Amino acid sequence: MPLSVGQGYFTSSISSEKFNAIKESARLPELSLWEKIKAYFFTTHHAEALECIFNLYHHQELNLTPVQVRGAYIKLRALASQGCKEQFIIESQEHADKLIIKDDNGENILSIEVECHPEAFGLAKEINKSHPKPKNISLGDITRLVFFGDSLSDSLGRMFEKTHHILPSYGQYFGGRFTNGFTWTEFLSSPHFLGKEMLNFAEGGSTSASYSCFNCIGDFVSNTDRQVASYTPSHQDLAIFLLGANDYMTLHKDNVIMVVEQQIDDIEKIISGGVNNVLVMGIPDLSLTPYGKHSDEKRKLKDESIAHNALLKTNVEELKEKYPQHKICYYETADAFKVIMEAASNIGYDTENPYTHHGYVHVPGAKDPQLDICPQYVFNDLVHPTQEVHHCFAIMLESFIAHHYSTE
């Protein structure tokens, strides 16, 4: 079969004949009786997939923008079964992209051209200008990027899987990620950036510190200790840590020392296990998120962000003295986000409000809006940035890593 949608045992196939019928039809196809029965008892996303295919074939008649067309293509890829995702190929050209879906034999079953909108991803273009790509990056024997983090770094949808595809399930979140596309971890490890294998333990909701069983949320979510316990250290890894925001924003903890010390203890564990390269990242200024700006705890969030980063940086300096043969660096995430926010403001992006106020959960029976992959907003929701901001962050971080970990 050309395309299978759904996951695990709950899959549904879309034949090449169905593709052709959708292409020739002026109306959105209806589900067959058997397809309706499967959709009723199992979540196959068959109807959503057919709608995406219809929108792709008929984007001109529907007056869809290039962003909406790309959104339909990305959503269809997210709905496709795991073994079919390699059938989706984007061929980039000078003024347009060709969006392709192939069958099992490598033949095109869908191929459309979409122009590159000059205003799309304007923020990423600005950051690219100020942070030109480093040339001839050589990271020595580093072959893997290993990530420990929370929803900012969760590229595998770990919280999505843990909550049985509930958090986040709203249409403005892509493939179980807490953003409207890809995360900075995926960009950074991709062939267009550092081109390294990615090993990602990050999970949405994760905290830096461990909390007692008397705290139900603390018991449910992951933390640095649990993530590190799942990891087998290697001297060929660059271990990257970005945690702490949920301790202050989600669990409303204020023991900065406990939050930082837990992270440092776990960093020492992997160093003892053989890791030679570590990058420790501070948290963004939590008071600058739409949630923080309108919260009664705005000042508290700002103070905690500053205190956390100052203490974390001091501890990293102590680690560098304790392990002089290792490459251990601290990255000021808050400064990077300030640069991105300023650039966004200068070109007219909304830096104050979230793109969506809906929340994380899809309401059964409701029709979610089309996924927008590049709105001119810094924040996709009240606390999480858009994928474009993730891309900008990866651009800046690539320059930092090239400068501090390169062997040339």
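Cβ from N, Cα, C; glycine included.
The active site, nucleophile annotation in Swiss-Prot covers SER151. As annotated by Swiss-Prot, active site applies to ASP381, HIS384.
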Subject >> Integer Cα-Cα distance in angstrom, ASP381 (active site) to the residue listed as 'active site, nucleophile' >> reply: 12
Subject >> Around the Cβ of ASP381 (active site), the count of other Cβ atoms that are within 10 Å >> reply: 25
**OP:** Take the C-alpha atoms of the residue listed as 'active site, nucleophile' and HIS384 (active site) and report the distance between them in angstrom, rounded.
**Re:** 8
**OP:** Run through the Cβ atoms and count how many others sit within 10 Å of the one on the residue listed as 'active site, nucleophile'.
**Re:** 24
Original post:
HIS384 (active site) has how many other Cβ neighbours within 10 Å of its own Cβ?
Top reply: 26
